[in-house]
Amino acid sequence: MNTSITARELFEQQRERLGLRWAAGKSGEKRELEAGNTVSRRPSLAGYLNAIYPNKVQILGTEELSWLDALEPRQRWETIEKIMQSHPLALVLTRNQACPEDLRAAADESGTPLWLSPKRGHELLNHLSYHLARTLAPRVILHGVFMEIYSIGVLITGEAGSGKSELALELLSRGHRLVADDAPEFTQIAPDVLDGTCPELLQDLLEVRGLGVLNVREMFGDTAVKKNKYLRLIVHLTKPMTEPTPHGYERLTGDSGTRHVLDLDVPLITLPVMPGRNLAVLTEAATRLHILRTKGIDPAAMFIARHSNLLERRTP
């Protein structure tokens, strides 16, 4: 998914938190920053004024304005022009400093958003850097039901009619929590972290065939829903094999693997759907098994080691 943010959106999202006010350049409120640009050019998303390697949001504190004031008039104007030509998403003056008239005029002329804030520079830098990094992070929507099971994020996937929603309903009745049904959105907020959330349209809702759309919060209470969760495991429901295969299902280690999501390989466990199988119990067991494996405990490997040792002892 391509992600972007406009100057107007950033202003509205951070206006209350940072006390932002427009000073000039309001005609540039539709100026846009796309995630693709941050990858190809690799600028800093937010930082103190830098005319050589410009940040996408330039912060001007007292030192930056003092530096501008120390320049000769011609050099000062050339520097301001260069700043505007770098096409920043916005300029922000800290501590509600008085905006220099030449800077205001250049912002209006070039359509560069210029804001004032009562916050100190480091506060602006921390908030804006985090917010922009989060907003522009790579994201993808996956089909399935995303739940919190035993405190870890588990995505239940499978073909239509495989019983994902019914399984989710059973897990809810067993005390686990729903994050999103049908279309959870995952954002890579760190090199090894996928954060899953629910689209606003689908919040608190679970669709079950024969019952329609259920409001999980109303049926099971506030504790049955979760705003977000990191994705740690995918449980895939599949139809049983109708024809024998050379290997069949792996009896010792189970059908385990990984699924590539954005830049991460997420652990995957496949569960065959068959009459009489308690999928809720199996999913809970799969989650517990994953937790054990993350701690370095692998029951299958332990059994194989025991078996090998036994054979070695009995071999003359």
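The backbone N, Cα and C atoms fix where each Cβ goes, and this holds for glycine too.
Predicted, not measured: the structure shown is a model, and the values here were computed from it.
H143 (active site) falls within neither a helix nor a strand when secondary structure is assigned with DSSP, and so counts as coil. The feature active site is assigned by Swiss-Prot to H143 (among others).
Under the heading ATP binding site, Swiss-Prot lists G158, E159, A160, G161, S162, G163, K164, S165. DSSP assigns K164 (ATP binding site) to a helix in the three-state reduction.
Take the CB of K164 (ATP binding site) and look out to 10 A: across all protein chains shown you find 26 other CB atoms. The active site annotation in Swiss-Prot covers K164 (among others) and rests on sequence analysis.
Neighbour count (other Cβ atoms within 10 Å of the Cβ, all protein chains): 20 for S165 (ATP binding site). Swiss-Prot lists S165, E207 with the feature Mg(2+) binding site, giving sequence analysis as the kind of evidence.
In sequence order, H143, G144, V145, L202, E207 are the residues near D182 (active site, proton acceptor), counting only same-chain partners six or more apart with C-beta under 8 A. In the three-state DSSP scheme, D182 (active site, proton acceptor) is classed as strand. Residues or ranges marked as active site, proton acceptor by Swiss-Prot: D182.
Per Swiss-Prot, active site is recorded for R251 (among others).
When pLDDT values are averaged over the region 'Important for the catalytic mechanism of dephosphorylation' (272-277), the model yields 88. Look at Swiss-Prot and you will find 272-277 tagged as region 'Important for the catalytic mechanism of dephosphorylation', backed by sequence analysis.
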Check: same-chain CB within 8 A of ATP site center, minus G158, E159, A160, G161, S162, G163, K164, S165: L237
Under 8 Å between C-beta atoms and at least six apart in sequence, can you list the same-chain neighbours of G163 (ATP binding site), or say none if there are none? L237, V273, L279
Which of the listed binding-site residues (G158, G161) has the least company, meaning the fewest other Cβ atoms within 10 Å of its Cβ? G161
